[in-house]
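Q: I'd like to ask some things about the structure below.
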Amino acid sequence: MAPKQPSSIEEQCEPESEEGEKTGPGLPSVHPLAYDAPDGGWGWVVLLATIVVLALTLAFPSCISIFYLDLQVAFNATNSETSWVPSIMTSALHVGGPLCSVLVESFGCRATVIFGGVLSGVGMAASSFSNSMVELYITTGLITGLGFCFSFQPAVTILGHYFVRRRPFANAMSSTGTALGLCALPFLGDYLHRELGWRGSFLVLGAVLFNCCVCGAVMRPIMPRKPRNSEAMINGPIAISETGLKVRVLAWIRNFPSSLRRNMAFDLFSSNLRFRCFSLGITWMMLGFVVPLIYLVPYATVNNMDRSKAALLLSIMGFVNIFVRPPIGVLFSLPWFKGRHIYVFSAALVINGLSNSICCIGASFQVLLAYVVVYGISMSVVGSLMFTVMMDIVEMSRFPSALGLLSIMESITLLIGPPLAGKLIDSTQVFTYVFLACSISVTLSALFLMISFYWLDRRDAAQKDNGS
């Protein structure tokens, strides 16, 4: 049964701290123990909406690779210049994390997801009228990427509040959205490319992205059990009804700098060693994790593979993810894996990194098919466990701010990774060097995570034994 629709003041995703601290200017939120996580009911609708949001956001940058060569020809651009388009998009998807956290705490997950859908749709549609690479950087890269951020992060956050006992399963199922996007978007992009060219395709894809608004509309905030005290009611709907929208917006603008600092979670980074190691490892990983998805189709087409067959490779990777992620979600929900998620995550990341070396064997369809299968399986485990590991490390009340800081850190390597790869191709004219570099980078980051957490577990176990 769906939770009761709360009043606007209660449309907050961020729980209140034990001391009753407010998470926004004049906007009280809910203590983690003051609401019941449905672990079902309307949560399944929210889960479905999150799947669609992730399909339209996280998987979208790989769809741009379908139009990679067209953009090169249209604007007479080098590999390095062209690669900035998906690079800026992916980086903006993450760099807006802290700003997104501020929007979530002030206006709620639902409104933020809808705003992100509008922003990404408008940005992608506007990019169809671009006349230079710089304009594409702004429309396709920055505006659309920020829209993705404002849709993706609140969707993941509210899902964590709807599911507690079934959280690993819910996270794994939501991550299939990326797989669905990898399946459908390359087919859609290839079809639109044949029928409409890149400009018409970008216009239609902009319309498709407006579906994030529909998904955001069903993300109802969870109704608290009861008001904590009379003061909370006074500072709640009554206070808002007396002030009005203008005063509320002005208060939000006035408190924006302090809210932004709070949502950067620097205190968590300095005090929580596990979160620090995880953040550094993921930042390192992102230097080479998404680059193969951007350059796989250009690598295949440059070596005389038909564009449709090259797009099929991305779709096969998506199908692998669809079939692998649900059983992985069920498996890792078992009690035995509690506390061991990081090691499974790191092992899958090692396999994912090493799989990139398969592309160095050749560019035939058979070789690349073997690559996308291995990459897809390992990617399934990585994608299913990433948010679960993070939720194991930090409290759920700090998850949005922790995700905001991690997103900022990721954005740096996500921004420089593809252009560096493009520079390597421009200077050597050899695509396989890119896949080899990605293999080394991702594998080393996985080993860093595995060794760091093993050392931390041993240290904590030794301190526990000494204390007893």
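Placed from the backbone N, Cα and C atoms, the Cβ positions cover glycine too.
Curation plays no part in TrEMBL annotations; they are all automatic predictions.
Keep in mind it's a predicted model, so treat the numbers as computed, not measured.
Straight from TrEMBL, here's the annotation block:
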DOMAIN    45-454  domain 'Major facilitator superfamily (MFS) profile'
REGION    1-30  region 'Disordered'
TRANSMEM  42-69  transmembrane segment
TRANSMEM  84-104  transmembrane segment
TRANSMEM  111-130  transmembrane segment
TRANSMEM  136-162  transmembrane segment
TRANSMEM  169-188  transmembrane segment
TRANSMEM  200-219  transmembrane segment
TRANSMEM  277-298  transmembrane segment
TRANSMEM  310-332  transmembrane segment
TRANSMEM  344-365  transmembrane segment
TRANSMEM  371-390  transmembrane segment
TRANSMEM  402-421  transmembrane segment
TRANSMEM  433-456  transmembrane segment
Q: Do at least three CB pairs under 8 A connect the transmembrane segment (344-365) and the transmembrane segment (169-188), leaving out pairs fewer than 6 apart in sequence?
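A: Counting Cβ pairs under 8 Å (6 or more apart in sequence), the transmembrane segment (169-188) does not reach the transmembrane segment (344-365), since there are fewer than 3.
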Q: Can you name the far-off residues of the same chain, 6+ from the ends of the transmembrane segment (84-104), with a Cβ under 8 Å from a Cβ of it?
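A: Same-chain contacts beyond the ends: 12-14, 57-58, 60-62, 64-65, 71, 111-112, 115-116, 133, 136-137, 140-142, 144-146, 148-150, 152-154, 157, 256, 259-260, 263-264, 290, 294, 400-401, 403-408, 410-412, 414-419.
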Q: Test the contact criterion for the transmembrane segment (277-298) and the transmembrane segment (344-365): 3 or more CB pairs under 8 Å, pairs 6 or more apart in sequence, then answer yes or no.
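A: They are in contact.
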Q: Using Cβ atoms and a strict cutoff of less than 8 Å, what residues sit near the transmembrane segment (42-69) while being 6 or more residues removed from its termini?
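A: Same-chain contacts beyond the ends: 1-3, 82, 85-86, 89-90, 93, 113, 120, 140, 144, 148, 151-152, 155-156, 158-159, 162-163, 170, 173-182, 184-186, 188-190, 193, 198, 201-202, 205, 208-209, 211-212, 214-216, 218-220, 290, 293-298, 301, 307, 311, 314, 318.
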Q: What residues in the same chain, six or more past the boundaries of the transmembrane segment (344-365), come closer than 8 Å to it by Cβ-Cβ distance?
A: 285, 288-289, 292, 296, 299-300, 302-303, 305, 309, 313, 332, 337, 371, 374-375, 377-379, 381-382, 385-386, 389, 431-432, 435-436, 438-447, 449-450, 453
Q: Just to confirm my parser: what is the rounded mean pLDDT across the domain 'Major facilitator superfamily (MFS) profile' (45-454)?
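A: That stretch averages a pLDDT of 83.
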